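Working notes, beginning with the structure itself.
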Amino acid sequence: METSTFTTKVGLAQMLKGGVIMDVVTPDQAKIAEEAGAVAVMALERVPADIRKDGGVARMSDPEMIQGIIEAVTIPVMAKSRIGHFVEAQILEAIGVDYIDESEVLTPADEEHHTNKHNFKVPFVCGARNLGEALRRITEGAAMIRTKGEAGTGNVVEAVRHARTMFAEIRRLQTLDPDELFVAAKNLQAPYELVKQIAELGRLPVVNFAAGGIATPADAALMMQLGVDGVFVGSGIFKSGNPAKRAKAIVEATTHFRDAKLLAEISRNLGEAMVGINIDTIPENELLAKRGW
């Protein structure tokens, strides 16, 4: 039963492949995202840039606010729970969100355990900086993986690092013989069967999106050309000068990511991009990607 449920959840996440998922804080923003062609929206009270700026403890959003967004659009709605906060996840499942993001953008509730995602019918998405983190999340029941990037910075460098790291580690697995795969599984702290499956597939067995710092159509196309299955755009759209136009351009860039002429065309006159942050100016203890294990 558990296996078939997991397969169903992976299949639901698969339906988002090739698309853009946008952070929205109001029903109106959700409508703009839907009209621009987003495959799903992420309902939250504050985009990561504001969470980063405001500090304090970031928790699950008010169910009333999430409900308002669910009612405003026809596309799937995601919402974030804190790492390890399985009760927030239970609440999100109860109000009918389509996917739950167990997110390092919110303040972790448990420093040792992530949520056991097999206990839920709703599919989970989780962040990962490398193959080991991705495999541990999949083992816990994640139906979708995304790079952690460094959310709220408008700086794509960490998302690029995480994607390249993961793809390089997968390529390395493909060169190993069966005996060496046992050692690799031990080093990755992941089940041998899963490691073996990835070596055979040459990719993760679930969809793998890019997230964290994607602010322009070029950023989205870069991540797609690196080999991810789709992109999350958080602060990059509604912190920019012309959200509707930028949202549409990022969707087009994600679809036509190899067409440089089109990318040039849709990158024109988008208004001000969000103000970015250089990662090396962020104090170590404020880096969101380091949360989770």
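Every residue, even glycine, has its Cβ placed from backbone N, Cα and C.
The annotation D-ribose 5-phosphate binding site is assigned in Swiss-Prot to Asp23, Gly152, Gly213, Gly234, Ser235. The feature active site, schiff-base intermediate with D-ribose 5-phosphate is assigned by Swiss-Prot to Lys80, with sequence analysis given as support. What Swiss-Prot records for Arg164 is D-glyceraldehyde 3-phosphate binding site.
Feature map: Swiss-Prot annotations on the structure.
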{"residue": "Asp23", "record": "D-ribose 5-phosphate binding site", "DSSP (3 states)": "strand"}
{"residue": "Lys80", "record": "active site, schiff-base intermediate with D-ribose 5-phosphate", "DSSP (3 states)": "strand"}
{"residue": "Arg164", "record": "D-glyceraldehyde 3-phosphate binding site", "DSSP (3 states)": "helix"}
{"residue": "Gly213", "record": "D-ribose 5-phosphate binding site", "DSSP (3 states)": "coil"}
{"residue": "Gly234", "record": "D-ribose 5-phosphate binding site", "DSSP (3 states)": "coil"}
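Listed in sequence order, the residues of the same chain lying 6 or more apart from Asp23 (D-ribose 5-phosphate binding site) and placing their CB within less than 8 Å of its CB are Val41, Met42, Leu44, Val47, Pro48, Phe232, Val233, Gly234, Ser235, Ile237, Phe238. Gly213 (D-ribose 5-phosphate binding site) sits 15 Å from the residue listed as 'D-glyceraldehyde 3-phosphate binding site', taking the C-alpha atoms as the reference points.
Minimal Cβ crowding within 10 Å, among the recorded positions Lys80, Arg164, is found at Arg164. A distance of 25 Å separates the Cα atom of Lys80 (active site, schiff-base intermediate with D-ribose 5-phosphate) from that of the residue listed as 'D-glyceraldehyde 3-phosphate binding site'.
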